[in-house]
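Following: one structure in structure tokens, then a few remarks.
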Amino acid sequence: MVRTRQQQKQQQQQQQREEVVQTAQQQQQQPVQANPLASPPLNLRKNPFGSWFGPETTPIYLFVYNSLSCIGWLFIGGLFSGYVQTVGLVEALHSVHTVLGGWVHLLTMTACLEILHAALGIVRASVATTAVQCIMRLLVVTVVTNGLAEKSIQHHWSFAIMVFAWTISETLRYGYYLLNATPAGPPISVIWCRYSFFIVLYPIGAFGEAMQIYTGLDALRAHYGTLAYLTAIGLLLVYPLGLFKMYTHMLQQRKKYLTAAYQMEARVQQAVAEHRRAAAQANR
């Protein structure tokens, strides 16, 4: 009788171990969950480009675009850093345009494609917000800095701090987009940088842009007339309002995406802990 009870107890323990092992194996075989921070499937609007931006070609196109943009801003950052090391910080603040002016102009013009991306539904972004940001940067670089071609504007320290802020923020943004397109998604450190660095970089960049316009007021009136001069003054007056709107929008995005990232991180840690407990019980 005693042996029978011991055998039954051993059989029950063996059965429990087999169930634990089976559960652990099932958890290992489960497919990797899709990145919860990734954008939902795109609902491409009807556009005159036919199948150029279809469901199959769009991810490839965005990967190429984001990769080239990220590499471009990394290249500008490398040039900026190398120039500072060569001539010193003080000299670089007043002459870095000679090295970076053309590259910044090129990438600023290329970024205007993002207006088309939003309009066609290739990305989930506001057309108005994207257009305002791209056009304002294009006006500063194309019309004021490079268009007027005045050394007093190009060699002003505001150009250096503007490009400094743009370089870091755009490198983070495009890098985040690239990682966000993967099934695993970006690590939480990248998400934090993407939605935290703007707190300092946005005011620096906006201040640099405004100072470029302010420095070029007299040259604008001389080259383009009184209307351009008054328009530039109007832009300077609404700049704080635009910065406030973009800043509050990014703060809302920061709360949304960081909350989702921390919740996902907690779920992953919980799943790992449960898997380890199940494996430990199976090995007893």
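Cβ coordinates are placed from backbone N, Cα and C, and glycine is handled just like the others.
According to TrEMBL, the region 'Disordered' annotation covers 1-41.
Feature annotation from TrEMBL assigns compositional bias 'Low complexity' to 1-34.
Residues or ranges marked as transmembrane segment in TrEMBL: 60-83 (among others).
Summarising the annotation, TrEMBL assigns transmembrane segment to 103-123 (among others).
The annotation transmembrane segment is assigned in TrEMBL to 130-149 (among others). A Cβ distance under 8 Å defines the sequence-distant neighbours of the transmembrane segment (130-149), meaning residues of its chain 6+ beyond its ends; these are 97, 101, 104-105, 108-109, 111-112, 114-115, 117-118, 159, 162, 166, 209, 212-213, 216, 219-220, 223, 232, 235, 242, 246.
Annotation comment: TrEMBL describes 155-176 (among others) as transmembrane segment. Within the chain carrying the transmembrane segment (155-176), a Cβ under 8 angstroms from the stretch's Cβ atoms is held by residues 66-67, 69-70, 73-74, 76-77, 80, 92-97, 100, 104, 107, 137, 140, 145, 186, 190-191, 193-194, 197-198, 201-202, 204-205, 207-209, 211-212, 215, all 6 or more beyond its ends.
The transmembrane segment feature in TrEMBL is assigned to 188-207 (among others).
The transmembrane segment annotation in TrEMBL covers 227-247 (among others). Within the chain, the transmembrane segment (227-247) has long-range Cβ neighbours (under 8 A, six or more residues past its boundaries) at 129, 132-133, 136, 139, 144, 198, 202-203, 206, 209-210, 213-214, 216-217, 220-221.
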